[in-house]
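Under the heading domain 'ABC transmembrane type-1', TrEMBL lists A:14-206. Under the heading transmembrane segment, TrEMBL lists A:20-41, A:53-77, A:83-106, A:147-169, A:189-212.
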Amino acid sequence: MSWDEVMPLLWPATRETLYMTGVATLFTAVLGLLLGVLLVITERGGLLPAPPVNKGLGVVVNIGRSLPFLILMVAIIPFTRVVVGTSIGNAAAIVPLTVGAIPFYARLVEIALREVDPGVLAAADAMGATRREIVGKVMLREARPGLVSGLTVTVIALIGYTAMAGTVGGGGLGNLAVVYGYERFETKVMVATVALLIVLVLLIQAAGDLVARRLTHR
Amino acid sequence: MIQIEKLRKVYRGRGREVTAVDGVDLTVAEGEVFGVLGRSGAGKSTLLRCVNLLERPDEGRVVIGGRDLLALRGGELRRARQGIGMIHQHFGLLGSRTVAGNVAFPLEVMGVPRAERAKRVAELLELVGLTEHAGAYPARISGGQKQRVGIARALAGRPRVLLSDEATSSLDPETTASILALLRDLNRRLGLTVLLITHEMDVVKRICDSAAVMRDGRFTESGPVPELLARPGSELARGLFPLPPAEPRDGSTLIEVTFTGGATGEPFVSALARKYSVDVNILGGAVETVGGERVGRLQLELPGDPPQNAAQLAFLRESGLAVEIKNPDREDAR
């Protein structure tokens, strides 16, 4: 294959990767944030102590995090079918991507929220703030840089996961690299996809760092 | 203004029980500055956190401005807390908000409309002298300025009570002095009642009208500061005026004399020496200004056993001095 033949393959694959990563990130950000907040506030001595709930969520998160993505993707095919109506293709890949990334991001959210100075939370409590205000205006707001950094790490992990989307008939750069680069020994395709992935990751990391820095007031 | 009765707080965990506050009674009059002095672990922080129910006491009553706080729940308690300002050792400022944003926070919680909020924030910053730092983030200002923000924030809801949790403990001596002066000023100008906890003797000396010494969850002494200083055996007096350790020699009487207020002007040592023709030996002493009054302690040695000095001791006591005999306790020494 000449470079002229490689180029037209790259753009659709990149778009597919961005599509899968983008949609999965959207859902992960919302649901992972929610789960992370729940993990923190339901613990003993938290804002909404519910130790059994906390324990249950912890177990779910740990199970979610211990399953290799490839296996998770296959294992939840029935669920995927319920959600998007099919178990094949890019849209079908988004479901396991999201399911896999939620517990990952939830843990990072948990870490970021724990970093918030308990003295600030106590101060808000002493001012008569409601729990909702303490979570929204203090916890989440104070933790913003950490939440953004965590999301950056999650997005990059998601890009890695999308490489396996081909397993369920999805596309993307990873799939392109496997199908052309690996199975057909097209080194140029391999090199091009790897280069694109590196650039993509660097850009996302740079953007994440920039936003996190903007939110840090040191 | 603040009334606490038989307060008890026990922490339980892993089969262990720690009684942090063990039956404390405390009354702070309106407009008074009351200091609770104690080492770390004495339970004073828990006590303070029980006053606005950041911690729920196991037993006892907490009445502020005539309201029994323990009877309040949910929204009522939150509203009551909005009327009690609190400042913290590590300031508790939101790093993600500017100075003005931090002061505005309690106003948002109280549901004050935006325009009014801005006006009130400007007033409060003016009050603590931080107007020009309104747009700065907490990480960019000094510790003393941070505590001023903390004070402005605590006063946002026009509270009648201010709780201070080691507010000057992480500040250097000069900054401490300026923060204490500010608190004293606010106490006088706004009639603010202040309950503070501290491990620094200096804080009690500078601004407290009344004080208590706390140890192992209990008050070992409590009362108006001048009265405590004059009380024989007072820990507060000993702490404020450390005297060198001294052993009474045989055939002499070792006494510690505390003089407050009016007695400071009297030349009682020379009067004693002249009247009884005794050689008074001054071993040590200290004079301080406490709450605007001159207070001091002297360690004196008189020739002769305590019984032989009965008249001399009576003379000193009649002069309005608190006299403590440091000779070992024997029935004749009493």
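Glycine residues also receive a Cβ, built from the backbone N, Cα and C atoms like all the rest.
Remote same-chain residues near the transmembrane segment (A:20-41) are listed as 47-48, 53-54, 57-58, 61, 90, 93-94, 97-98, 101-110, 112-114, 131, 135, 139-140, 147, 151, 154-155, 158-159, 162, 165, 170, 172 (criterion: CB distance under 8 Å, separation of at least six residues from the stretch ends). Only residues 6 or more beyond the boundaries of the transmembrane segment (A:83-106), in the same chain, are considered here, and those with a CB under 8 A from a CB of the stretch are 16, 19-21, 23-25, 27-29, 31-33, 35-36, 39, 60-62, 64-65, 67, 69, 72-73, 76-77, 150-151, 154, 157-158, 161-162, 165, 168-172. Through the fold, the transmembrane segment (A:147-169) approaches residues 17, 20-21, 24-25, 28-29, 32-33, 69-70, 73-74, 77, 80, 87-90, 92-93, 96-97, 100-101, 104-105, 108-109, 111-112, 140, 175, 177-179, 197, 200-201, 204-205, 207-209, 211-212, 215 of its own chain, all at least 6 residues removed from its boundaries and within a Cβ separation under 8 Å.
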